[in-house]
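Participant: Submitted below is the structure of interest, expressed as structure tokens.
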């Protein structure tokens, strides 16, 4: 198998006879695997293979390269292996081998052959009985007993014995045959069509329908078949009992098969097909060359007298007349006798013999007579008889093997009686011209049909009317052109004849030729004349002629281009004209499906739901930064429709919205019972009441007066969406109990309220700023690339100029050398051949090896350079792709935070919407115009100045340019999405074309959710409509996005989790009350000290069902809290304690009794209001909110669970921890100086709280100063006697109650609800039974546990220095591993080393406790960490310091957040039992606090507030920037 060169296969190079040596290089062609030792032969063969001169043998495709033709043949080979059954190979190749018919007829012939006969080896089904089949294989085909062709032949010969009725019989047979021919033709066409698309088994119903195509019946052969599963042979099985199991190949596969395995030798019509030798031997195909002696041309050449007699027969046998073209008349002659006499030489060529020679069946395959092709066809068309039936009959003969002999014998048309030799004799004018009879002559003399008639000369177009005869060359050209006009394989011969005629004929002879031929000959003569003149020209003349021709060609191209541009401009002008859509006629818009809403929801609210979901998606970076599950429209619709299924999902949406709203400055004035709403815990169970409190109109009015800005006036109208009646309804009902319409209006009101917050404004500004930065980077990158291209172009231009100058010099030198060489060869002496000895051979080999080595090194160097260049290009490409992706993302985000606008409107003013992926599909909105929308357009002016054509063209060109600029601006601008509704249509110059307005009606939403509907919509939109043209452009631009969105609609929506809202609220209210009580009891903050009392309280809460019962329980819980541990509006007003001792101190101002009474009354009133609200609560969410207020008013940071040693800052070892009875600070016994050996009896005061007189001056730490610094900002008042009494009473239970300080409400007082850990604290519960407590024991101070015996100080020190337990060792090892990983984390670079004074001058002033990762490593080495909690506290300190010192937009904070995320992830993997919770630093001005906390965060906050008051903000900001810059530089230097 190899591609053809011309018409012959091109042989491949034989493989190498010997394998190559170790150092020998072999050149191999990739696709053919041909190997060459000679590089020149290899390159020559490659060049040959690269030319487009090859033809694919299997498909016939020409003008291919060798590789393309080779690959096509490989594809055809694979196709035939898959599609062509092996049992059809032999019967088809037997027909093809040595056949001479064209390919199309050959394909028809073999295709019908395999359709009407089973092949040997074919597997089929044998029908046994009515319903049983057996799988069999054909092993033998029996020949037909009585072939129908022979019977038909005998019958037709018997019908045509009478010589007198020759003509009549022929005409009758033609009339009878014509309908049969048409029927056969239609049957054959349907058969070939059915073969391509029929299944493997035909349905039985096809036999009954006469009008439909039916598979041709199998010939009545009998077959011997062999059972597949058994070794048995069944003989003489009729064809009707066999059924094919595999469909035979179609005509196209058959065509590929014949081309692939056979080749036609020669270009003539009788050229035989020859099968490959291997297949001839494999299938033993018979040769048919002996039958080629029956060629009719050879027969006529051996019988010249027959030919002459047939032309001028005096016996009176009429001949067929040629058709007169000018008059349109024709004639025909009578037939001669049909008897065959092979011995006589004077018998004319009868139609029977002619048909035998024209269609001869040799070994089952017909042979086509070698003739001139078109001459026969033209003669057939010129005969007056039945040309259509003749044509169809001829086709039928060549394609239907069953009826070939029958039709060939007796149904030969009249057109076949005129031979080609006669035609040539008439055309050549060498014989005396015969008169041709017409039908009129025959009609006048019917009796003389057998006698010779007087012949008349017929006028033909090919003969000249002048007396001077044509030269032989002209006659030969005329005859050849007439016979072979339009034939592809005769073009070369015709071209050579034209050239000869152009040279031989004179101008007069050329002018006498027919018009078509005269034009061809004249062109060829002009071409030859031009070549002759070109050969006589000098070089200068040739250059001038070429230059002139080039100019002419350029001028023609310019003119054509100008005409094309004018036509395109005209088309563009016409297409750019816009008309009112409803005035245009076009396709109807497709009918879209109404969007399916869940049961109970009207279709009109879909727009509002889509707005809410789209708002949540567009602002997901602000509203849901860490949420992995987006809120979709389908899920939200289901949540709105169902109560049980929608409780969790709807409340989640409300929590997301309120989280942003309550944290904004806009909501600072939102409060309830003098407590800001932001301080109340926001959960799924309290959100319903918090929504009501946020949407109260009073808050909006207060905020309006507070802001005093005009933009609030426009937003205040959104409060009208939630009426007062609706808010009153929310007081008695939960959100999930509302109607769907009310739920949607609630969500809309929240969205509009959030849109007016400062957070949204900052978010939009940040997104746009990022987009602008990306745009600047993109512009800079493009500019840099353009500059680089410009520089490369300039450099290339300079190199070209240098190269041109060099080429001129080289040419001049070469010219000189050539002239010298021409002169010197005669003078040069004869060179003697150098002797070929061993030394010269070795030397030449060494030189060749050195040269090869150099070439190899050069090649390696070039490969290395090329690979480096490719790697650099790949890196640049990836970088560009990443930059482009980042830019597109930034632009997309910037567009998302703006107002979503529709894609456009159609002729009926329906709007088309494409949302994000959370609202999949393309939506159509009808009835969107209502009374509040002012839709208007400007009518065109009535009178316009009349413009000339040129002015009109200029005006249109300007308009087009303006339109294009406007479109570019609209696409490129981000803010263009926020245009007004009236500007959504066409550009401004086209807006005046509109003459219709949208009609008001019901707002309905339709959806386009299939690609077919979308494509139909695109086709139906009119491109010249003022609205639909813009809509079509937008749809085409977003085509892929719309298809993606349509595809998302097919995905199933997971159902929502069902949940009973009432039971959920009830369950969590019980758990929250129990949790608060548990924390009070474990932290020693309330009176629920007895375990049995707490368990009784817990059991009582679990049985509660009604809200009033829960209210009484919550009130009882509030009353059980020790008053000194209350804060906020529940905190009692305390007296400031007087300082004692000899030190000078400023005396606090005495509080006026009236002010004190007023303050007490205010507190009592606030608490009473809260209790009243608890008793009157009508919803569980309201009760959750009021319980959250109580939780926020408890000082949880004063709980005993949070006790931490003031000296070492560590928790743990509770039995060695003692609490001060004055300030509630904790100390380890062994951390005090001097250390304590045992828990002292009675009250114990820490060194900071001891009186000054009782203390001696110490060189150690100044605890008094520490305490004073902590208490500078506190306001203390003396407590009332009642409080002291309660304090005394509570002391009997084992507690030492001290005067606590009131802490102003802040975010630190709000604790997240979580189950309290059980703590074995004996300091707060030395004895749970008060009756058994002695006065001595009650006088003991607070301690973790009273030791049973006195403890020696050495023992305490030994215990303190004792190594930690094994579990703590494992935890610390894991902590050290975490630290090592954090050190290697790429974003931790700002925290690896301490901040020096050079980097930030004021860092030590702002940050009181600096910490870094290197210092922590040092702590691990020196074993300063005793537990994982110490390590976590230092990590918190690093992050808190970074938050406090750096500005919000700095890179350090970004690195901090990523480092903290990585740390939390590592901590959860390594230490899953250790929790991590860090309080975020509030960026608010700190207010004086009444209480000093143990935690370092409070001290740092006080320090920050003091520094801010001292006016160091500016210095701090500059230092932040400075440290950030210096740290970034350091990091970049290390990276490099």
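For all residues, glycine too, the Cβ spot is worked out from N, Cα and C.
Sharing the feature lines straight out of Swiss-Prot:
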COILED    515-583  coiled coil
COILED    768-803  coiled coil
COILED    850-890  coiled coil
COILED    1261-1293  coiled coil
COMPBIAS  151-196  compositional bias 'Basic and acidic residues'
COMPBIAS  334-343  compositional bias 'Basic and acidic residues'
COMPBIAS  344-355  compositional bias 'Polar residues'
COMPBIAS  392-401  compositional bias 'Basic and acidic residues'
COMPBIAS  443-452  compositional bias 'Low complexity'
COMPBIAS  785-832  compositional bias 'Basic and acidic residues'
COMPBIAS  1297-1316  compositional bias 'Basic residues'
COMPBIAS  1325-1350  compositional bias 'Low complexity'
COMPBIAS  1506-1524  compositional bias 'Basic residues'
COMPBIAS  1525-1536  compositional bias 'Basic and acidic residues'
DOMAIN    25-130  domain 'WAC'
DOMAIN    603-667  domain 'DDT'
DOMAIN    1366-1470  domain 'Bromo'
ZN_FING   1202-1252  zinc finger
Participant: How about long-range neighbours of the coiled coil (768-803): same chain, 6 or more residues beyond its ends, C-beta under 8 Å?
Facilitator: 880, 883, 886-887, 890-891, 893-894, 897, 974
Participant: In terms of Cβ proximity under 8 Å, which residues at least six beyond the ends of the coiled coil (850-890) contact it?
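Facilitator: Contacts of the coiled coil (850-890) (Cβ under 8 Å, skipping residues fewer than 6 from its ends): 767, 770-771, 774-775, 777-778, 781.
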Participant: If you average per-residue pLDDT over the domain 'Bromo' (1366-1470), what number do you get?
Facilitator: 87
Participant: With DSSP, how much of the domain 'Bromo' (1366-1470) is helix, how much strand and how much coil, in residues?
Facilitator: 76 helix, 0 strand, 29 coil
Participant: When DSSP states are grouped into helix, strand and coil, how many residues of the domain 'WAC' (25-130) land in each?
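Facilitator: With helix first, then strand, then coil, the domain 'WAC' (25-130) has 55 helix, 13 strand, 38 coil.
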